[in-house]
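Colleague: Handing you this structure, nothing more for now.
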Amino acid sequence: MASVAVVFDLDGTLIDSAPDIRGIANTLLAARDLPPLDLAETVSFIGSGAGVFIERMRAARGIPDSAHRALLEEFIDRYEGAVELTQVYPGVRSALAALTGAGHPLAICTNKPEAPARSVLAHFGLLDRFAAVVGGDSLPVRKPDPGPLLECLRRLDTDRCLYVGDSEVDAETAQAARLPFFLYTHGYRKTGVTEIAPAAAFDHFSALPGLVAKAG
C-alpha cells in the first residue's frame, strides 16, 4: 500500500509570512496617507487569498471599492519577492525531510497566489520537496472550496491523503474534501482548537512525522 500523501497549507503553517504581508499592506496605505495595520490586524485578514485580504484592508481603512483592482495588482506585484521578514517555522525542514524519507508524497494547497508561493518556497530551498503546488489563483475556485485540495490529490495520483493547516479555512477545506485535518496550533487561527476539532493537533513540527505514521 502506498504511503499516505501529506498536503500542506503555506502561510501560518510552514512559514510565518505575516510581517512581510504587513509591510506590503502598509506601503500601499502610506501611499494613500492612511494609518498602518498592526501585526494582529494583519493576521486577522490572512487566510482567504489576496483579494479577500485587500477587501478586509479596504473595509478597515475606508477605501472605496473603486480602488480594489489597483490595490490588488500592486499588492501581488510586491508580494512575489517579499521574503525579507518571512521565517520558516521551527522544525519544518526536519519534518519535511522525515516525511519524504518515509515515502510520503508532499504537496502545497494554499490561497496564496501560486507564483509568490513558489517563489517563497524556492527562496527557502523547500520547493523541491513538493510534487505539486496549487495556489489561490491556480483554479477558478479557492479554499474552503475542496477543489484545490482535490487537485493536489489528482496531481499526486492518490486518494490517501491528509491535510495540514493552521486555520478555520483549512479545516473547512479538509472537511469538504472528506480528508483528515491536522492542525498546527501556532499559526493564524482565530478560534480554539476544540472548535476546529482536528483529527490531530501539534505545536511543534517535530511531532508531525509521528502523527502521520499513526495515520497510516
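Keep in mind that glycine also has a Cβ here, set from the backbone N, Cα and C atoms.
So TrEMBL lists the following for this protein:
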ACT_SITE  ASP9  active site, nucleophile
BINDING   ASP9, ASP11, ASP166  Mg(2+) binding site
Colleague: Can you list, in sequence order, the residues of the same chain other than ASP9, ASP11, ASP166 whose CB lies within 8 Å of the CB centroid of the Mg(2+) site?
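Modeller: So the extra residues in range turn out to be PHE8, LEU10, GLY12, THR13, LEU14, GLY47, THR110, GLY165, SER167, ASP170, TYR184, GLY187, TYR188.
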Colleague: Pop the Cα-Cα gap between ASP166 (Mg(2+) binding site) and the residue listed as 'active site, nucleophile' into the table, whole Å please.
Modeller: 8
Colleague: Near the Cβ of ASP9 (active site, nucleophile), how many other Cβ atoms are there if near means within 10 Å?
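Modeller: Total other Cβ atoms inside 10 Å, all chains included: 28.
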Colleague: Near ASP11 (Mg(2+) binding site), which residues of its own chain have a C-beta under 8 A away, given they sit six or more steps off in sequence?
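Modeller: The answer is SER17, ALA18, ILE21, ILE46, GLY47, THR110, LYS112, TYR188.
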Colleague: Suppose we draw a 10 Å sphere around the Cβ of ASP166 (Mg(2+) binding site). How many other Cβ atoms does it contain, all chains included?
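Modeller: Summing over all protein chains shown, ASP166 (Mg(2+) binding site) has 26 other Cβ atoms within 10 Å.
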